[in-house]
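Asker: Below is the structure I would like to discuss, written out as structure tokens.
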Amino acid sequence: MRRPLSKRGMEPGGGDASLTLHGLQNRSHGKIKLRKRKSTLYFNTQEKSARRRGDLLGENIYLLLFTIALRIINCFLVQTSFVPDEYWQSLEVSHHMVFKYPLWFLFQTMSVICLLACDGMEHIWIPRLAQALLSAVADVRLYSLMKQLENQEVARWVFFCQLCSWFTWYCCTRTLTNTMETVLTIIALFYYPLEGSKSMNSVKYSSLVALAFIIRPTAVILWTPLLFRHFCQESRKLDLILHHFLPVGFVTLSLSLMIDRIFFGQWTLVQFNFLKFNVLQNLGTFYGSHPWHWYFSQGFPVILGTHLPFFIHGCYLAPKRYRILLVTVLWTLLVYSMLSHKEFRFIYPVLPFCMVFCGYSLTHLKTWKKPALSFLFLSNLFLALYTGLVHQRGTLDVMSHIQKVCYNNPNKSSASIFIMMPCHSTPYYSHVHCPLPMRFLQCPPDLTGKSHYLDEADVFYLNPLNWLHREFHDDASLPTHLITFSILEEEISAFLISSNYKRTAVFFHTHLPEGRIGSHVYVYERKLKGKFNMKMKF
């Protein structure tokens with residue numbers, strides 16, 4: 001073995017040193033060739049190892065840590081209110097259960113929050129931080145998927161678009177079911193059998209879709225074209241249904257039924273009730289309605305923001321295999337357009353799909369790339385900071401003030417709060433966390449089918465002054481504090497003066513007041529001339 005090596009290594013003036021040098025070079029070349037061997041076993045092992053790391057950490061540990069850190073910052077830089085559901089369908093429900101009626105299984109999962117929340121607001125921030133963590137995982141999954149489907153460059157720009165989206169920043173750390181639906185949709189897409197994907201897994205993606213459906217039944221709208229495509233392209237259709245879709249659907253629906261049985265005390269199919277309330281009875285219109293074209297003319301362009309031109313450009317450039325994503329976006333917008341009640345957050349789950357096209361657009365920009373990136377980043381930064389720190393923050397700030405009123409009052413039963421705002425404008429006990437008597441204007445939807453139904457809030461706003469005089473007919477029934485929007489002050493000034501209320505706090509709310517919503521939130525406190533018992537009327 002050494003003799004041929006010596007002959008190759010023997011050169012004029014080379015000697016033994018030349019022999020040794022060439023020997024080392026040859027051994028080095030041998031190692032390089034070994035690494036380039038096309039061994040099936042070798043590559044399968046490497047791919048499985050990489051996939052295991054991906055399942056745990058996303059693309060790599062540094063990318064994951066960076067994204068988690070960014071979303072935690074994101075969480076603390078969102079200090080405004082969006083919609084009542086982020087409190088009244090999550091935090092208020094859990095706060096009521098933990099601190100009033102702790103169920104045995106719920107107490108186990110929320111005992112830490114219960115302990116921490118005894119002297120602070122950690123019970124608000126912990127769910128939001130958990131949501132931030134899940135959103136970070138979803139962001140990394142989107143990057144990993146695009147790296148599989150395309151290359152690292154495309155993946156980077158899709159990731160960039162996802163992270164700098166102002167609406168994603170605004171929503172992704174809020175305790176909304178729409179946020180969880182979006183997170184599960186992104187992670188499910190990672191396992192969906194897209195052309196070129198190396199992580200496809202029918203059981204995993206269908207389980208995530210089923211979970212999204214249980215959390216928010218509208219998830220079925222977005223996933224209908226994707227499921228239909230998978231079914232059409234699957235060669236073993238019966239096997240897909242019998243061994244994947246049906247078992248996953250049965251297990252998740254059974255778990256949902258059992259959980260709802262415990263909470264409601266009777267067998268309840270929440271998904272059917274959701275469909276009945278919002279679609280069959282169309283009772284969502286009680287909370288507002290918009291024209292059929294609203295999502296196309298306003299909703300979709302607003303949530304995309306300055307990403308819109310890049311999305312349109314990317315739709316023209318993207319390969320045919322991404323048509324299913326575009327079809328899913330259009331299908332979702334069309335179906336939601338058929339419902340009278342429309343909100344920006346309803347179409348939030350399609351936003352990551354749009355980022356794929358935006359990233360593809362940025363990849364192919366040449367001349368105007370740097371100006372385009374600067375424009376995209378700065379415009380979204382402004383919108384994210386403004387909506388997260390300025391717009392609609394008064395209704396949260398005022399509840400922090402009320403918490404201080406409660407804690408600073410040695411006799412908590414002597415103070416009482418009446419919130420004279422459109423119902424559910426503010427959070428409730430989850431943000432006060434103090435046994436302070438509080439009341440707000442009620443607005444339950446009409447389930448009886450009355451043609452001219454008016455809730456308590458509607459009756460109040462027809463004539464606020466007369467309503468207040470009728471409701472609080474004597475001094476003993478008056479609350480110690482009133483909370484209202486600034487727009488109402490002039491109309492009820494006579495009541496405020498006669499009942500000896502003085503404005504004690506003002507909180508900025510919005511630069512864009514409209515209807516019953518004012519620019520500021522006012523707090524009035526009743527100044528007592530003498531001591532007498534004041535109890536709140538409920």
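A Cβ is built for glycine as well, from the same backbone N, Cα and C atoms used for every other residue.
Copying in the features that TrEMBL gives for the protein in this structure:
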- 1-22: region 'Disordered' (REGION)
- 61-81: transmembrane segment (TRANSMEM)
- 101-118: transmembrane segment (TRANSMEM)
- 175-193: transmembrane segment (TRANSMEM)
- 205-228: transmembrane segment (TRANSMEM)
- 240-259: transmembrane segment (TRANSMEM)
- 292-312: transmembrane segment (TRANSMEM)
- 324-340: transmembrane segment (TRANSMEM)
- 346-365: transmembrane segment (TRANSMEM)
- 372-390: transmembrane segment (TRANSMEM)
Asker: Against which stretches of its own chain does the transmembrane segment (240-259) lie, if we need a Cβ under 8 Å and a gap of at least six residues from its ends?
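Answerer: Contacts with the transmembrane segment (240-259): 202-203, 206-207, 210-211, 213-214, 230-231, 234, 267-271.
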Asker: May I ask you to check whether the transmembrane segment (292-312) and the transmembrane segment (205-228) make contact, with contact taken as at least three Cβ pairs under 8 Å and only pairs 6 or more apart in sequence counted?
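Answerer: They do not touch: fewer than three Cβ pairs between the two stretches lie under 8 Å.
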Asker: Which sequence-distant residues neighbour the transmembrane segment (324-340)? Criterion: at least 6 residues beyond either end, Cβ under 8 Å.
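Answerer: The answer is 194, 221-222, 224-226, 229, 278-279, 282, 284-285, 289-290, 292-296, 300, 315, 318, 346-347, 349-350, 353-354, 356-357.
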